[in-house]
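Taken verbatim from TrEMBL:
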type	residues	note
BINDING	Gly45, Lys46, Pro47, Gly48, Thr49, Gly50, Lys51, Thr52	ATP binding site
COMPBIAS	411-443	compositional bias 'Basic and acidic residues'
DOMAIN	37-158	domain 'AAA+ ATPase'
REGION	411-451	region 'Disordered'
Amino acid sequence: MDMDWTEKYRPEHIRDLTGNAPAIRQMVDWAASWSKKSKPLLLYGKPGTGKTSSAYALANDMDWEMIELNASDQRTKGAIDRIAGQGSTSGSLTGAAHKLILLDEADNLQGTADRGGARAIVDLIRQSYQPLILIANDIYALPGEIKTRCELVQFKALQARSIVPRLRFICASEGIICADEALHEIAGSTRGDLRAAVNALYATAIGRDHLDSASIHTSQKDERSTIFDLITAVFSGQPDRRLLQQSYAVDDKPDAILQWLEANLEHLPDQRSIAAAYRSLADADLFIGDTYRRQHYTLWRYASALMLIGTAAAADGRGIHARIQSPQRWKRMSTAKRQKGIRQNLMKKFSILLHVSEQTLREWYLDQMGPLVEQQPERYVRELALDADQLNFFLHDKTLSTGIVTTVLKEQQKEQKGREKKEKKTKKRMDTLEEKGPEERKVSVHQATLF
């Protein structure tokens, strides 16, 4: 059991796919009649419903070469043009009739890492001379200009009765005896996610050749484990098999688990133990890197085993006697994201004040505004309605920035009250004049002129 079952038992042909028959028929009809004028397919639906497996099975049955670009690659315009764009306009080196261009996780186009990615996808759709399939979990996260250019194919959550036969086939292939009742419990607990069901079966079957309801209940109890439970188990000397089961049960991927382990190495007793644990994490990190580069997700199992068992050996069952720390990298990322938001808001405000585009401001002017703001911070707080965080972007002194903004706000409130008081006095005077007759109003005006 040294290979990821989701990869080991990935369907190779259309006939091997589980559920979603209408979606599969739509894909087959599209492939059979494909021409350069055909729209790309956009497969969408919850994770684990067979979208990616269906695309690979279709390419295999059609004898098409597969070119994939997914979320683990750099999703910039240049990357999409380089990897998918070139393949979409050139012939196959293997002699295949066509090349199927697969863009997995097309809805994961966010942030600076994806700058221009959406536009590159639209350009790819327009220019491609090869079949193109996009895959997304959340169709609403995709720009409308992409959705309108695609033929939509919905993948629905699988029913438990569709998942059970696949689990039974895997058990038979692995030589594991499993009661139907146990398989139904696994299938029913994963909410239509076949991938999650296969992973749950794998985690339950570790070290066993017979599965029944009791073993399933134990596994389901483990599934409620959190990353905190896993870290505690590693440092407290739990058996290796137990650690691996818990790692499959938590929602975090191996690269995230590695960061959690690294953040808590300070709980180890001495420098020698810390060095030994770091060696295990470094080896695991190599496998994680190879996973993303080669798309061989079976390597995740080796990475998990290396980091968990290696760190557990270094801890030697001493446990954690302090608070479990979250990865510092996440805190830095959160801070960086916040700073980015502040910077973007500042660019909008300064672009209006200076009458230049945000791009020009970003490239040339924003960093030069610091000395100007330092000389007259109150002015810019007033004119641009800067808050303390935005002013601190230039002054680099949060206490000073907060004090200046607070003072300006108090002055503005005082000025506002003065204006309101003056407006009330003026209104009262006008109301008094309106209540008087025309003759009295003339006298009042004349007297006001004399005195």
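Any Cβ shown, glycine's included, is placed from N, Cα and C.
Caution: TrEMBL annotation is automatic and unverified by curators.
Summarising the environment of Lys46 (ATP binding site), the number of other Cβ atoms within 10 Å of its Cβ, over all protein chains shown, is 15. Mean pLDDT, taken over the domain 'AAA+ ATPase' (37-158), works out to 77 on the 0 to 100 scale. Other C-beta atoms found within 10 angstroms of the C-beta of Thr49 (ATP binding site) number 25, with every protein chain shown included. Residue environment of Pro47 (ATP binding site) contains 15 other Cβ atoms, counted within 10 Å of its Cβ in all protein chains. Gly45 (ATP binding site) carries a strand DSSP state (E or B). When secondary structure is read from DSSP and collapsed to three states, Gly50 (ATP binding site) falls in the coil class. Annotated ATP site Gly45, Lys46, Pro47, Gly48, Thr49, Gly50, Lys51, Thr52; additional same-chain residues within 8 Å of its Cβ mean position, judged by their own Cβ, are Asn137, Phe155, Asp193, Leu194, Arg195.
Of all Cβ atoms in the shown protein chains, 20 besides its own fall within 10 Å of the Cβ of Thr52 (ATP binding site).
On its own chain, Gly45 (ATP binding site) has Lys51, Asn137, Gln154, Phe155, Lys156, Ala157 as residues at least 6 apart in sequence with a Cβ closer than 8 Å to its own Cβ.
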